[in-house]
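Residues or ranges marked as active site, charge relay system in Swiss-Prot (evidence: similarity to another entry): Ser145, Asp221, His254.
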Amino acid sequence: MELIEKHASFGGWQNVYRHYSQSLKCEMNVGVYLPPKAANEKLPVLYWLSGLTCNEQNFITKSGMQRYAAEHNIIVVAPDTSPRGSHVADADRYDLGQGAGFYLNATQAPWNEHYKMYDYIRNELPDLVMHHFPATAKKSISGHSMGGLGALVLALRNPDEYVSVSAFSPIVSPSQVPWGQQAFAAYLAENKDAWLDYDPVSLISQGQRVAEIMVDQGLSDDFYAEQLRTPNLEKICQEMNIKTLIRYHEGYDHSYYFVSSFIGEHIAYHANKLNMR
């Protein structure tokens, strides 16, 4: 991995690395925050998945997470949201193509050549992190919007791999809302069974489980009713007896002003779970 940025932050280092991804067949950037204790010991890892139009920079520059990661001794890994490059398929819209990988494995041309974000996040990236950084095998996952969707899907489909999961403003029923339907139709065609493999509410209804789900949702979020539908997740978790910590916040929107307001509580939540395991 090639170090391309290095910034001192709260006694540790906020770095950005570039590497070639075998899964995605392109160069990828990934942000890695190494807290002070990482200089002398191995630490657990929190993976953060960002939302539509984002790259590895949004979370590491806007959330203020470094303060809390340093306090709780957690390495934070923030990858890009899709494969990148002039040779990678793209679309003239913000919710498909580069910047909108949806953390799935595309099956349809032209997307299936590079869009294997599910494999990248689940397999390739953790292997790289374990090899290059002072990381233990314990990991948790979180994300925002499309990234919250990805975090929930990865945790629900791999409950033994992630100690805990949380999300900000996640797309919880993508097969039922425009963002998800448009992306799934392009990446997965009209195979509705494949769609449900990347739909948190559907996965839970089919019996997939995690110990607990933490979600924060702003009630002034312009996408809340049409695209996110957080109450669908709350309802299915109640029906399936999955413990939740779902909080609704008056006045907060979909932006990083919202994420930065509560990221400290999410990192503390994951730190507690990681230290218990």
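The backbone N, Cα and C atoms fix where each Cβ goes, glycine too.
A coil conformation is recorded for Asp221 (active site, charge relay system) in the three-state DSSP classification, outside any helix or strand. Of all the Cβ atoms in the protein chains shown, 26 others lie within 10 Å of the Cβ of Ser145 (active site, charge relay system). A distance of 8 Å separates the Cα atom of Ser145 (active site, charge relay system) from that of His254 (active site, charge relay system). Rounded to a whole number, the distance between the Cα atoms of Asp221 (active site, charge relay system) and His254 (active site, charge relay system) is 5 Å. Less than 8 angstroms from the CB of Asp221 (active site, charge relay system) sit Ser169, Leu228, Tyr252, Asp253, His254, Phe258, each of them six or more residues away in the same chain.
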